[in-house]
Amino acid sequence: MFPTIGQVGRNLIIPGGTRTIDATGLLVMPGGIDPHTHFEVEMMGAKTADDFYKGTRAAVAGGTTTVIDFVLPEKGQSLIEAYNNWRQRADSKVCCDYALHVGVTWWSPSVKKEMQQLVEEHGINSFKVFMAYKDSWMLNDYELCHVMETCAELKALPLVHAENGNIIARNTEKLLAAGVTGPEGHALSRDEEVEAEAVNRACVIANQMKCPLYIVHIMSKSAVQALRLARTRQKQPVFGETLAATIGTDGSHYGNACYRHAAAHVLSPPLRAPHTAEAIVDALAHDDLQIIASDNCTFHEKDKELGKNNFSKIPNGVNGVEDRMEILWQKAVNTGAMDPCRFVAVSSACAARVFNLWPRKGRVAAGADADLALWDPRRERTVSAHAHHHAVDFNIFEVTDPARVQPVAAQGARGGRRRRGPRAVGPAPRAHRLRARAPPRRRLQHIRGD
């Protein structure tokens, strides 16, 4: 039985024997929800450093009490088989509540049947597709049409990694032929236009298939503009996610003379120019983007060495699940770009609504899950790979200024205490109830379950 909030108010009667925590001077917030993590998965020839125990331990230490990880089937693999494999990895290890998205990495009539089975029998309500990673997870436009059409039928939400995989593949060939082999080639092969084109194309396909859409890890101003255009011109129900890495660091690190340092920052889409962070924070503040995630996908230095002579072989991924909320507070609240209420929205409440976890999560109210973060806005913490709770040996935020925040408690427990079992995400969301609104937009409409 998971604890829920019994009462909220003043002068409450506290039952005898109840443990009390003095939160004087602290902000009592809903625990964070990170809807984009990759724990204990093999990709690009390496296995992530953070397994489900160490990854969720880091999440709780940073004030996040729910994560949503990704099931990524191999080409031709049964989606049900892959889903069961992920459950077996995670169930006995997680330190917080978790749910799963399921990737659709290939297409056939059997995949459609398994998508229906996952929705109806396992409570899955979101499926991820890739427009990048040619010859691996990438789907072509015809296959994307099928996936989105199926999602619309099932009242599920498609999540899209939006980059033009064909352009990236050709640019990579040309750069390597020209002798560009270092991490800087990663960013050169997939500039803003490559991301923005795919965002626009994904929006068009979703609109034609009459399907809502969620774009993961928006990394550039051009991509934000493409997303904004779809929402305002077509009145599309399209949601945008960005990352702690997008606002907490930048692409200048790809030019660092130290390969270890440069490669540690490689993720896709890549980090952009230093001035991008301010624009992304503004987009979060004004609801052009709704959610901040981490895309936590950590690899040790020895694993990043796989691409030392060929940037396309560098395992893609960075840390972020522990520092996500602190970086957002530092870059958005401390600068005056957003108030604490909007902070809660983009770090917790909006994700709860989009992924059908509301009203049990994302709010402090009687009956909601007792997932709480006690937040001290005055306390400083120095970000360091030596002090973080991740298993990985590098932290991309270590060079940033100390974040003036420190989550001191989450879910009524100190970081690292295990929870028993996963929390089901519930039935598939009624996607047809989503409505896009013209700006200014301040909150998402509740996606109700059947």
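Don't overthink the numbers, they just go from 1 along the chain as shown.
Using N, Cα and C of the backbone, Cβ positions are placed for all residues, glycine too.
For the domain 'Amidohydrolase-related' (27-412), the model gives a mean pLDDT of 95. Annotation source TrEMBL lists domain 'Amidohydrolase-related' at 27-412.
For LYS128, the entry in TrEMBL reads N6-carboxylysine. Secondary structure at LYS128 (N6-carboxylysine), taken from DSSP and collapsed to helix, strand or coil, is strand.
The feature region 'Disordered' is assigned by TrEMBL to 408-450.
The annotation compositional bias 'Basic residues' is assigned in TrEMBL to 430-450.
The Cβ of LYS128 (N6-carboxylysine) has 22 other Cβ atoms within 10 Å, all protein chains considered.
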